[in-house]
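In what follows, a single structure is set out as structure tokens and then discussed.
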Amino acid sequence: MQSCESSGDSADDPLSRGLRRRGQPRVVVIGAGLAGLAAARALLEQGFTDVTVLEASSHIGGRVQSVRLGDTTFELGATWIHGSHGNPIYQLAEANGLLEETTDGERSVGRISLYSKNGVACYLTNRGCRIPKDVVEEFSDLYNEVYNMTQEFFRHGKPVNAESQNSVGVFTREKVRNRIRDDPDDTEATKRLKLAMIQQYLKVESCESSSHSIDEVSLSAFGEWTEIPGAHHIIPSGFMRVVELLAEGIPPHVIQLGKPVRCIHWDQASAHPRGPEIEPRGEGDHNHDTGEGGQSGENPQQGRWDEDEPWPVVVECEDCEVIPADHVIVTVSLGVLKRQYTSFFRPCLPTEKVAAIHRLGIGTTDKIFLEFEEPFWGPECNSLQFVWEDEAESCTLTYPPELWYRKICGFDVLYPPERYGHVLSGWICGEEALVMERCDDEAVAEICTEMLRQFTGNPNIPKPRRILRSAWGSNPYFRGSYSYTQVGSSGADVEKLAKPLPYTESSKTAPMQVLFSGEATHRKYYSTTHGALLSGQREAARLIEMYRDLFQQGP
């Protein structure tokens, strides 16, 4: 790692030259989600004073979105703290008395029904019949046994055979089907039910991975994702409380809301020794202003453009303001990178990083909350799971647009009713979730009601009094829910995505110009809130280490 206090030819080091003039490195963080806030807070706590966070939307939190309706908080985004042992999100929430335990540390059968440890999942068929409890338990034991086998390919280096196509879904479907068909104790009718249940479980798995289909998730890389031991927890007051606690260590003027970025111009000093390729429109200190978010323009060493000492990075905002910086930490989602990497970076990203962006996957998992006047489900029921009997032999989890509702795997009962009222939370993912997002509330409520009537066999279920749903796929600032290792990708691609720019170290090139964080950049904890937070702290630590000598010397 190149140090800002390097000896020898440090006079020619663009980073050292800039620091002699400015005194403090300027860091711009793009995104005020968990990763961006964690990075900014860590830098500020270690003595960095010229830090700016640019958030495209009107609020902080990123993919944490707690919506308050009356006295109740609903989570459109992150919902659970997954595991407690060493989980920094858990530690922050626990220290502030925010937690409520929802499951024990074991992998639950429904695995997405984490609102309550109590009750049972009701597996219902499209003919309006409930699958017997013993059949559900037998199938769940078999499925979980095969699921554990999917972990062994990465963890034990087992070779993947060609028949599986290196796909979690293909492997699981085939293994479970063969075991069901070969079972001499089951009747043909029971076998048909269990075969149909495979697709329902794989829909749940697809929602959990936020893939269009679990068939697209890499079998050889699947076991690298690591589950933190301990119980799952929810935060009754809203997951946004964690975001707010994280932001408490950041002065308000550091965060600029409604500030989308158009382009990051990096490697400016080496490419243009006399100045940037675009003209600055914003002068003034972007951190040490009046404390009210304005620009004082009183400190030319920190805030004004200096063509004799060009900045390594220039952030061009959509409102045409241009912010020069020594370092930029990019926390945008993988979905945004996939959509915008060609225009978001100048010069273009290295081929290796572009390839990693292409290979890694991100999809959409959406929630549909339905509120009813009275419950039509029993007090022992914690979820309603939909099993289509005509999918017993199906080999796909893709449906035509007019059948998008078939991707809804089921509805969880929000618990306790004293807090939530009588509310169901449905799950849908993939391209079908995008179709759902394009429908209006009335249409979605109507279709969900018809499904509930069909699967429960109760034609008298009323329409919900209220509907609330997420739309992560069509949101231009996210373009998806969270990442996964797609077939053809591996943890090595996560490392490539996280690698700072520029790749080469030179006395002529400022180091660590563009850094990358966010859940998709954490090799073990991608897709999680703790992975996002840890990735932000990781990138901050790179800069803290780089400037260690500077801050140890003091003023």
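Every residue gets a Cβ built from N, Cα and C, even glycine.
Noted in Swiss-Prot for the protein shown:
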type     : residues                                        : note
BINDING  : A35, E55, R63, T79, W80, V261, E519, T528, T529 : FAD binding site
COMPBIAS : 274-291                                         : compositional bias 'Basic and acidic residues'
REGION   : 271-307                                         : region 'Disordered'
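Here the features listed in Swiss-Prot are placed on the structure.
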{"residue": "A35", "record": "FAD binding site", "Cβ neighbours (10 Å)": "34"}
{"residue": "R63", "record": "FAD binding site", "Cβ neighbours (10 Å)": "23"}
{"residue": "W80", "record": "FAD binding site", "Cβ neighbours (10 Å)": "19"}
{"residue": "E519", "record": "FAD binding site", "Cβ neighbours (10 Å)": "30"}
{"residue": "T529", "record": "FAD binding site", "Cβ neighbours (10 Å)": "29"}
In whole Å, the longest Cα-Cα distance within the recorded FAD binders A35, E55, R63, T79, W80, V261, E519, T528, T529 is 30
